[in-house]
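**Student:** Got these off TrEMBL a minute ago, pasting:
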BINDING   Asn7, Glu385  Mg(2+) binding site
BINDING   Lys14, His208, Ile209, Gly210, Asn211, Gly212, Asp283, Met284, Arg285, Gly331, Val332, Gly333, Glu334, Asn335  ATP binding site
BINDING   Arg91  substrate binding site
ACT_SITE  Asp148  active site, proton donor/acceptor
SITE      His180  site 'Transition state stabilizer'
SITE      Arg241  site 'Transition state stabilizer'
Amino acid sequence: MIILVINAGSSSLKYQLYNMNGESVIANGRVERIGMDSSIVIHEPTGKQEVSLVREILDHNTAVKRVIDLLMHPEHGVLGSIDEIKAVGHRVVHGGEIFKQSTIVTDEVKLEIRKLFDLAPLHNPPALMGIAAVEANMGDVKQVVVFDTAFHQSMPQETFLYPIPMVLYRRHKIRRYGFHGTSHNYVSRKAAKVLNKPLESLKMVSCHIGNGASCTAILNGKSYDTSMGLTPLEGLMMGTRSGDLDPAIVPFTMNKEELTLNEVNSMLNKHSGMLAISGISSDMREITEAMQEGDKQAKLAFDMYTYRLRKYIGAYAAAMNGIDVLVFTAGVGENSVVLRKTVCDGLTFLGIELDEERNGERSKEARVISSAESRVTVMVVPTNEELLIARDTYTLVREQV
Ligand SMILES: Nc1ncnc2c1ncn2[C@@H]1O[C@H](COP(=O)(O)OP(=O)(O)O)[C@@H](O)[C@H]1O
Ligand SMILES: CC(=O)OP(=O)(O)O
Ligand SMILES: [Mg+2]
């Protein structure tokens, strides 16, 4: 069965086309700068030349149309007819308390996703646009939604509630939801498989460190606590997001700098984190290079970033009364040798001992990077959110098509 996976962002749309027979990728690509003056389309058909185009793409509907055109293109295409795609799976960031697992799209499901716009104004509207665009361009193909929040719905009240008046939870559902759940779910299962141990027997901390970054304590195979909260702003320091801070900074800064709510929101989400401290970039590669050339602000940004990550790992080891496995994943976690070394070198009290050679290896495979003596097994597990979305989609539609 052929399944299309779509990850719609506010100004981008990433796609991956799978043949579920063997779980092979037939094509993947992305549309960037949707709604801006010149959008970029990158299409990578497996085994063929990559295509890169500049087009005017004003909305997600047009983006989906362009993707379909490319998938069926006489030269760059991989399909004879669009009907070969039997189902489409979408990443939806916020599923609130309603969606505890992936589900087939119905009118009711769309309505519920719309109700959550308030809680994820940057993420949920484009996801719904993606669903509508598929309906408009691909007839009545089955669609499935997979939520970033679903994996974290196992958290108990003592970890998901904030110590503020309960009425705010009852009225507005203000609580910790957590994100990157599809990734934390995927890497924890993969890690247990590689170690050949039942996931339920392991106390695991997984660190998804990409543009957005979050840490999750996984106990008995379930999310027990996670660093992102009501929105993806809380927790670790990120590329452009502050992560944890004293909430009093918000009214204080609004008052002193005469900022509006929107401005302070934008400051914390888009102008903070590594970008704010380094003054150079939100991109870990550029920070690391500048640091190695002696840039003091880049070094400070890196030190703050790794310090905060170390604190979370320690906190989650305490929260679970132990830690057996530490997993690094996503862009930074999978690729930054120096970040992993810096974090682990400060966690020797937990019995963590890195094997420098294994840590330095360049590989796309899930692997152990700690020494044989290390009390905690440290691993790098490349994430694959799209594959999990494709698998959930396949499981839900297989009986129906
Ligand atoms: N070789 C590398 N060394 C250090 N950081 C890297 C490397 N490759 C990618 N990254 C970092 O990964 C981050 C992007 O992560 P990714 O998981 O792709 O993000 P997202 O999916 O959220 O856009 C960037 O900060 C980038 O600098
Ligand atoms: C939820 C979230 O932060 O996602 P991303 O890392 O894709 O920004
Ligand atoms: Mg990501």
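Just so you know, the numbers here start at 1 and follow the chain as drawn.
Placed from the backbone N, Cα and C atoms, the Cβ positions cover glycine too.
As the structure is a computational prediction, the values presented were derived from the model and not from experiment.
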**Student:** Looking at the binding-site residues Asn7, Asn211, which sits with the largest number of other Cβ atoms within 10 Å of its Cβ?
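**Tutor:** Going through Asn7, Asn211 one by one, the largest Cβ count within 10 Å is at Asn7.
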**Student:** Given Asp148 (active site, proton donor/acceptor) and Asn211 (ATP binding site), what distance in Å do their CA atoms have, once rounded to a whole number?
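**Tutor:** Per the Cα atoms, Asp148 (active site, proton donor/acceptor) and Asn211 (ATP binding site) stand 15 Å apart.
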**Student:** Which of the binding-site residues Lys14, Asn211, Asp283, Val332, Glu334, Glu385 have a Cβ less than 6 Å from any atom of ligand 2?
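**Tutor:** Result: Asn211.
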**Student:** When the number of other CB atoms within 10 A of each residue's CB is tallied over all shown chains, which of the recorded positions Asp148, Asp283, Glu334, Glu385 has the maximum?
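**Tutor:** Counting every other Cβ within 10 Å of each candidate, the maximum falls on Asp148.
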**Student:** Would you work out the biggest C-alpha to C-alpha distance among Lys14, His208, Ile209, Gly210, Asn211, Gly212, Asp283, Met284, Arg285, Gly331, Val332, Gly333, Glu334, Asn335, the residues that bind ATP according to the record, and give it in angstrom as a whole number?
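**Tutor:** Output for ATP binders Lys14, His208, Ile209, Gly210, Asn211, Gly212, Asp283, Met284, Arg285, Gly331, Val332, Gly333, Glu334, Asn335: max Cα distance 22 Å.
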**Student:** Spatially, which candidate from the recorded positions Lys14, Arg91, Arg241, Arg285, Val332 is nearest to Glu385 (Mg(2+) binding site), comparing Cα atoms?
**Tutor:** Arg91
**Student:** Taking ligand 1 as the reference, state which of the recorded positions Asn211, Arg241, Arg285, Val332, Glu334 have a Cβ closer than 6 Å to one of its atoms.
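**Tutor:** Correct list: Asn211, Arg285, Val332.
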**Student:** Give me the count of other Cβ atoms within 10 A of the Cβ belonging to Lys14 (ATP binding site).
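**Tutor:** Taking every protein chain into account, the count is 19.
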**Student:** What whole-number Å value do you get for the CA-CA distance of Ile209 (ATP binding site) and the residue listed as 'substrate binding site'?
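**Tutor:** Cα-Cα distance, Ile209 (ATP binding site) to the residue listed as 'substrate binding site': 18 Å.
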**Student:** Going by DSSP, is Arg285 (ATP binding site) part of a helix, a strand, or coil?
**Tutor:** helix
**Student:** Residues with Cβ closer than 8 Å to the Cβ of Val332 (ATP binding site), same chain and 6+ apart in sequence?
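**Tutor:** Counting only residues 6 or more apart in sequence, the Cβ neighbours of Val332 (ATP binding site) under 8 Å are Ile209, Gly210, Ala213, Met284, Leu339.
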**Student:** Which one, from the recorded positions Arg91, Arg241, has the smallest tally of other C-beta atoms lying within 10 Å of its C-beta?
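**Tutor:** Counting other Cβ atoms within 10 Å of each of the recorded positions Arg91, Arg241 gives the minimum at Arg91.
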**Student:** At the Cα level, what's the spacing in Å between Arg285 (ATP binding site) and Asn7 (Mg(2+) binding site), rounded?
**Tutor:** 24
**Student:** Using Arg241 (site 'Transition state stabilizer') as the reference point, find which of the binding-site residues Lys14, Arg91, Asn211, Asp283, Glu334 has the shortest Cα-to-Cα distance to it.
**Tutor:** Asn211
**Student:** Give the distance between the Cα atoms of Arg91 (substrate binding site) and Asp283 (ATP binding site), rounded to the nearest whole Å.
**Tutor:** 24
